[in-house]
């Protein structure tokens, strides 16, 4: 009699194409012990990612070493418990951060970058600085994009970047933020681009480059897509459903033009 805990390998083994839980086999009415233990471990890693401490000093130092003007901000979420129970507070800056950002907003800029912990500080620690490092040369190429401040924001939801971008007078804000951890990817980073950021923007007015992690979209690929969308968005003065990623087919339009060259 064959062992029911060991799945028979089909002609096309889907497990070689995806980390998803497929073809696990069975043991009686349940899955094999190994599969159950793997599930429990991945679930624990996802929970740990949500509650991980956000290492702001390390990020400020690493980004400052790249020659960037970096500052710190906080949302109105007082702690992690507050953040998880009140998503609305993660979209609003606290009073001290509003004052601090207003003091450094000397003149408008084309781009502000916000790096927020989101639902996975682990993702930000693993990928944010490396992604910014690869993005900077792409911003400096050709008609360079003028980068203003980089803001490291604690207790951040995606929409917090709208308020930050508005205070800094940025035409575009790119928010790099930890995505909700999955059972196969607890350290996935997302990048959200919003033209003319201001409080009240909807998700339909943003572009997202997601699934940035070692087993997903690489930092090089993500930086290329972000730079393309950023330049195209600035040229057309739009982001969201009206802006599609065509980076694989053509170069972005020159900023200040409305038609392809």
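If you go along the chain as it appears here, the first residue is 1 and each next one adds 1.
The backbone N, Cα and C atoms fix where each Cβ goes, and this holds for glycine too.
Annotated adenosylcob(III)alamin-binding residues in Swiss-Prot are 158, 208, and among 179, 221 the one listed with them is 179. For the recorded adenosylcob(III)alamin site, residues 158, 179, 208 set the reference point as the centre of their Cβ atoms, and the other residues of that chain within 8 Å of it by Cβ are 118, 175, 177, 190, 191, 192, 210. Applying an 8 A CB threshold to same-chain residues 6+ apart, the list for residue 208 (adenosylcob(III)alamin binding site) reads 190, 191, 192, 193.
Within the same chain, residues at least six positions away from residue 158 (adenosylcob(III)alamin binding site) with a Cβ under 8 Å of its Cβ are 91, 116, 118, 175, 177, 190, 192, 203, 206.
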